[in-house]
Structures are given as C-alpha cells and as structure tokens.
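Visitor: This structure is in structure tokens; I'll ask about it shortly.
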Amino acid sequence: MNLLAGKRILLGVTGGIAAYKSAELIRRLQDQGADVHVVMTAAATEFITPLTLQGLSGHPVHLDLLDTETESVMGHIELARWADLILIAPASANFIARLSQGHGSDLLSTICLAAQCQIAVAPAMNQGMWANAATQENVRSLMTQGTAIFGPDEGLQACGEIGEGRLLDVAGIVDLTIATFPNGKLRGCKVVITAGPTREAIDPVRYISNHSSGKQGYALAEAAIEAGAEVILISGPTNLAPPNRANVIPVTSAQEMYEASMQEATGADIFIGVAAVADFRPTEVSRQKIKKDKSGSRVTITLEENPDIIASVAALGDGPFTVGFAAETSHVIDYARAKLAKKNLDMVIANNVSNQEIGFNSDENETTMIWGNQEQTLPIASKRNIATKIVGTIAEALPESHAHD
Ligand code: CTP
C-alpha cells in the first residue's frame, strides 16, 4: 500500500546505537511511497555511515550546516520548506534537550527551528537517561510545542539493562508516521483528474476551443494530493503551473484526452472529469492553412462528435468512482441530474457558468454536489476551498472497494 504516497519525509538521525535501524526505516517509509531525505548529526556518523543512508535514500545525505556542496544541492532552509514531516529517529537524549530548548547549533536543529511542518521524535536511549527528570521535562516541553513523540519501547537494551528507552520498532514508527498526516482521507488512492479545455484542430494554425481556465481541476488535484492521493492530472492547454506533486499528462485534443483517460482510469479509485471537453471536432483537418482567397466569403467546417470521456470511464467494468461536472447556464440542477443518470456517474457537481463572478475564468465558484439521494450546495468560495470540500465529500461517499485507509 502507498499510505505515504507523495509525502516528503526528512529523516533526522542522531547519535546512538539504534542509528543502524534508520537504514531499515528508510526502506519501510519508501515502501509506503514516501520520498526520504536524510540529515545526520556528527555523532550519528559514528554509528552508521552516510554512504549507507545515501545509497538507501537515493539522495545526498546532509551532514553539515556549513557544507557548501550539500547546501548548494538543497540548502537547510530549502530542506525545512521541502519536508512534510521531520522525523527524528533515533533521537538521543542530547538532541531532545537541544530541540526542546530551540538550539540552532547544527544542521538538524537549525532545520527544525526553521520548519513549519510537523516534527516527530522517536527517542532511543538508556532507560536511566529516559527516566531522568531533565529528559522527561524536555519531552513534556516538546509535546507542548506540538512535537509528536513516538515511543520509546520497553525491553532489553544494548547496554544490557532492561527498561523503557528502546527505539520503537520500525513498523510502529511507520504506522505513527502515517497517522501524523491528518488529512489523509484519500491515502493510498489513485485519483485521475481531467482539467482545462481541449483544442480541436481546424488547420495547422486554427482550432476550436472554449473558455475553460483549468483552475478548478488544478485546485482539485492539489486538494487530492493533500488528502494523500496519488494524482494523475490529464490536462488540456492552460496557463497554470502544474501542482507540485501531480503526475501531469499534457494533452491537446479530446481524442488524446480520451486515450490518456482510458489508460489511466483502469486501476484508478476515483476519476474526476473537470475538463471542458470539446463535444465536436472538425471531421477533416486541413493540412495547409485555409486561405481566404481560395475559400471565398464562406467556409463550411463539418464537425463530428468526440467520444464522451467520462461516460466511457463510467462504463468500465470495476471502474473508478466517477465524478463529473455539469457546467450549465440554466436549469442547473435538473440538467446536472440528467447528466448523472445519462452518463451513469457516481456523483455530479453542478455549477452555473452564466454568472461572470463564478465559473470558467474566475477564482471563485459556487457548486452543488449531487450523489445517491443526497444534494449539497457549497456556497460561493475560492476554487481551492471548494476543491477541499469536494475531496472531503468524495472521500466520505467512496465505497469500501475503493478506500484504502
Ligand atoms: N465530458 C467528457 N467528455 C466529453 C464531454 C464531456 O468527459 N466529450 C465530461 C466533462 O468533463 C464533465 C461532464 O462530462 O465532467 C459534463 O460535461 P458538459 O460539457 O457539461 O456536458 P456534455 O456532456 O458536453 O453536455 P452538454 O454540452 O450538452 O451540456
């Protein structure tokens, strides 16, 4: 399962005998789809080599605040921004003390100071050090600062003593890591989204298209990524920067969008058709630019129908949960309900595009979601905000067979 798909985890390794377990931890986090970068303290390098962790993580290991080479690859502030979670495992008593007091004395503590993301700490130390009042006070202080504490475990320790202080087992750390992502409503789901307009060529320089900006589709891709999904964004031409972690398949025509959609929809859990697909395309595309002089004052372009992408996806046996959009200018809810039934969709999202304030090119939208015997209107809000709500509702409506949590 890919319960950490697309998640960026900065693994901090500090000095202690349990540092060898970080090698296994990298692998198990990667098994769940996480991208892992490693930062080691100087003491950690005495227990396990940076080369080992570099080989396993597939990225240069970051060791030194003042190392120009690694800083030029990804500087400490960039690393702090990059991470969705900073996981320090194992965390020594010394590092916990420095972290709780806000030190910025080495690379890892500096990154923690600069980071906005969640920090989690998996302590590992001798049972006496763990029980020590100063350590306990430092851990309490970290908890009140919002740091998550994973473990420690009890049992036989490297020093031969028995008690609390062992590093939590790797599987337990991975489980708690997964649980730190609270908005993982679509964890492990593969979501395919079509967005933007399509262009139907008339000749080498002209095409038929529409006013779709792609904003709502891109916002949905971002919201689905945030909810933990792996997102394939099949996009017609837009002026938008693609969401950071979406796998974007750029297409131009409806036929190309159809082919990419049919390929990606197989095995997907959710398909959201946001694209304003051109319903018709010129039956013949002129190889040469159509000239005025040859055509006289009238040109006739014969159009033929494009495949209905979302209806084809909904017709797949064992296909994804299929969500369509219905952009209407009148009788919005009635027409949307008719599309839900006709295309055999699981959910339809109706929006009134006759209002200039909302719809195609604007940053705002007002929609009504219709599924099963339910109907919910999302009042006018930013497309990003609407997207988050839509993703939340889809997650709740998703049948067991497509849910991975
Ligand atoms: N859609 C599609 N393939 C098409 C046409 C539409 O996948 N060839 C999808 C859109 O992405 C949207 C839904 O169908 O999710 C409804 O699109 P819309 O243009 O509102 O409906 P049409 O089926 O084209 O009907 P009409 O233009 O008559 O309103």
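Using the three backbone atoms N, Cα and C, a Cβ is placed for every residue, glycine included.
In TrEMBL, annotation is done automatically, which means it is predicted and not curated.
Since we're looking at a predicted model, the values are computed, not measured.
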Visitor: Quick one: which of Asp279, Asp318 does TrEMBL put in the CTP site with Lys289, Pro307, Asp308, Ile309, Ile310, Phe325, Lys339, Lys343?
Guide: Asp279
Visitor: Between Pro307, Ile309, Phe325, which of the binding-site residues has the fewest other CB atoms within 10 angstroms in the structure shown?
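Guide: With the binding-site residues Pro307, Ile309, Phe325, fewest surrounding Cβ atoms within 10 Å: Pro307.
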Visitor: Most Cβ neighbours within 10 Å: which of the recorded positions Cys159, Asp279, Lys343 is it?
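Guide: Answer by Cβ density within 10 Å: Lys343.
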Visitor: With DSSP, how much of the domain 'Flavoprotein' (7-151) is helix, how much strand and how much coil, in residues?
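Guide: With helix first, then strand, then coil, the domain 'Flavoprotein' (7-151) has 72 helix, 28 strand, 45 coil.
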Visitor: Got a sec? Which of Cys159, Ile309, Phe325, the recorded positions, have CB under 6 Å of any ligand 1 atom?
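Guide: The qualifying recorded positions are Ile309, Phe325.
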